[in-house]
Structure formats: structure tokens, C-alpha cells
């Protein structure tokens, strides 16, 4: 009996301590925490579960934009997370520095790819990949890319002939995934051929939506176990099928000697295979899969975004269309080189599109060292704090850009940068870094930029576009690390149809 009473008293004592610790923790986080001097939403700081709920609902990034407009350059949005929107923060968080801030990894088991790798392996993977994105590599890959863009234009011409509206998001995705699939695996996903998504691509879209749940699970392990218990078996099977497809396709590419020397990604990655600094077969599979995700969905996203904003800004659309059609004698003249050197206004349009609709709208967290204070954009940040530059908030903040809600490519032209009388002179253009900065910046930036420029230039060369009424508010989207894009319905008028 005495033992039973003792157990009961012990349980009550434990429960009392636990219940008492909640308000104490809230008070500590709000008023005594080393980061308490940085403003932010008190509800999220006191009860960080609400920050996770916002992510799961797909409204986190929109709310972060509001919080930065309310609180300023630095926002503390959970007990140990701080977001910034300044140029200096890009340098302090992501750039080369003596004590490099580590990338925050959701998974406890790192995949052997360039995203999840530690600093040593990341440098090794990057060294193996860089030649593929060099001028020589791009020159070898351009014929492959051009072939898919040719097919892309043919498909749009077929759709145009029907007189019906079409979803440009799908066509951009079909094309970019086919291109990157061929460059990484030696074969396309058949999107342009079959006019539908390959199962691995459909899984990729769904998988990004799960990142918010994984992030919540990292903060609340019990919640993760509950969520995993309710994960649909079909999703798990799709993941396994995707990984099996990647391994099988890479194996087939390795065995196909006819493709050796074609200058694609795998060709370059294989050059040091078996050597100490080279990639083993497991790393080849993981990095090929990563390149496909990173080099396709984001590329299609910016193409979709610039298409929408051009159609919403008729004077800009007219100006860039005239530039494209007057710069070349024929469509064949639109190449990687010419689309970059002869279309300055189109390049400015892309810069403005990246500002309005960055493919990765959120922040990419880094973790401050476990000892000492880290200075970020003038703020003293305590150890083990997750810090980031929130891209959408930074790019849309009035402190960084004059009339930020307007689509104005002129802010990126030389006159705006050098003429003090320009209304855009004081815009903080270095704040816009969609490809990141520092040692983990986008390794495929050169290819992505060339690809999107040629694709858009050829669309504008061939077609007059019209936004369908149902897509008028297309940018009203949720975000789950990437944008949850709906259909971008457009009507295409083939300017050569009657010729």
C-alpha cells in the first residue's frame, strides 16, 4: 500500500514538474533567451508548433513576408530560428568564411549526394561535377538540349493549331525533365513524347509536400512517428520504385559504351570512377537523381513564373518580344551564346522574374557553431541557432526594392544601376541570389541559365501568348519548400501558321 502511494506521489510530482516547465519554458523563450532581443511573432516563439503548422498548411513563406514587413531585417520565428533579408546576411551565412556554417539536414541518415554531403564529400562531388558545367561541357551538351527544345516547340505548335488553351507548366516540366534525364541518365523521361509525367516525376512533386511534415517531425519526434504510421503505402512503394528506377537506369548508362564520350553529366562523373577522389557507384546513382530534381523542377518553375508575369505586364511582353524577333534572322540563330549576348532586356526580365517568383521561395537554413557568438548582419547570434535568408521576404521587401510589387525589368538595366536619378537606383540588387552564394551555390547554374534563355526566346519567337482567364491569379499558391504550382493556362497563336 505504501509503495502504491509512493508511486502515485511520484507520478503526480513528475506531472507537476512537466506542467510547470511549460510556462517556465515559454517565459524563458520570450524574455530571457539570448535571442529574445530579436523581434518576431510571439505565438511562434512561445509555441513553435504553430510555426510547423504554418509550414504544413503551405502558408509559412507568405507569413514570413508579412513578419519581415512588420519586424524588419531580422525575424526570430521560433526559439532558435532567425530569418534575415539583407545583402550582408547572404555573405555572413552562406559565403566562404573561416568557420563555415553547416547546412541543416532534416534526415539523420545523409544520402551520398551533393545536397546532404558533409563538407569533405561535398567538395569531392562538386569537383567531379564542375567540368560538366564548364563552357566546354555546355558546348558538348547544347545539341542534346536543342533537340528537346525543338520537340517542345513542335508540341506547342500542335496545341496552337487546336485553338485551345494549354497548361504551360506541364510543357515546361516535360521539357526540363526530359533534358535533365538525358543528361544525367542517358535517356529522357518521355514527357514530350507521351505528353504525360513519368511516375518518378509525379512522385517528386508529392515528395516535396512531405518536407514540411519531416521538418515538424525533426522538432517533435513523437509527431514524426505518428505521421509515418499514417503514410500511405502507395507513397512508400512509389519512393522505392523511383530509387530502383534510378539505379537501373544508371547501371544501363554505365554499360552502354556507345554513350561514352558524349559529354553529358554521367560522362564527366565517370572520368574519375574508381579513383580515390572519384565517385563510387552508389554515389553516382544518388547524385544523378539529385541533379534531376535540382535541374528540372526549379528550371520549369522560373519559366512558368516569367511567362505569367510577362502576360500580366503587356508593355513588358511587347518590348521583350520585339527584342527577340529583331535580334535574329532565323530561329536557328537562337543559341546558348546568342540568347545571352543579344537579349539584354530578356535577361533583365529573368532577373525580375527571379525576384517575384524565386524557384525556392523559402530560406535555406544553416546552423551556427556550438561555441561562441556568430555575427550575422550586425546581430549577435547564439550557438546552435538555425539562420537563413528568406528569399521571398527579401525580394519583396520595400527596404530592398522600390515599388516591390511591380514587375519592372528596367530596375536591372545598366542605367538603373549607374544613374542616381533613376527610381531604381537604390534597389539592393545583391539581395537577389536565387542560385545561392558560397561553396554550396548551385553547381548547375550555367546550364540552367542557358536553357531557360533559349526556351523562352524560342517561345517568344514562334508564338503570341494570351493568359486564360482562369489563370489570372496563378501566383496565389501555397509553398512546400517549392511552389505548389497550379495549371498556367495560356492560348498560343502561332505567328507562322499562315505562312
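Positions of Cβ are set from backbone N, Cα and C atoms, glycine also.
The heme binding site annotation in Swiss-Prot covers 442 and is backed by similarity to another entry. Sequence-distant neighbours of residue 442 (heme binding site) (same chain, six or more apart, CB under 8 Å from its CB) are 294, 435, 436, 448, listed in sequence order.
The N-linked glycosylation site annotation in Swiss-Prot covers 173 (among others) and rests on sequence analysis. Look at residue 173 (N-linked glycosylation site): DSSP puts it in a helix.
Residue 287 (N-linked glycosylation site) counts 25 other C-beta atoms within 10 Å of its own C-beta, drawing on all protein chains shown. A helical conformation is recorded for residue 287 (N-linked glycosylation site) in the three-state DSSP classification. What Swiss-Prot lists as N-linked glycosylation site is 287 (among others), and the listing cites sequence analysis.
Residues within less than 8 Å, Cβ to Cβ, of residue 473 (N-linked glycosylation site) and separated from it by at least 6 positions along the same chain comprise none. Per Swiss-Prot, the feature N-linked glycosylation site maps to 473 (among others); the stated evidence is sequence analysis.
Per Swiss-Prot, the feature transmembrane segment maps to 7-29.
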- Item | Cα separation, residue 173 (N-linked glycosylation site) to residue 287 (N-linked glycosylation site) (Å, whole number) | 20
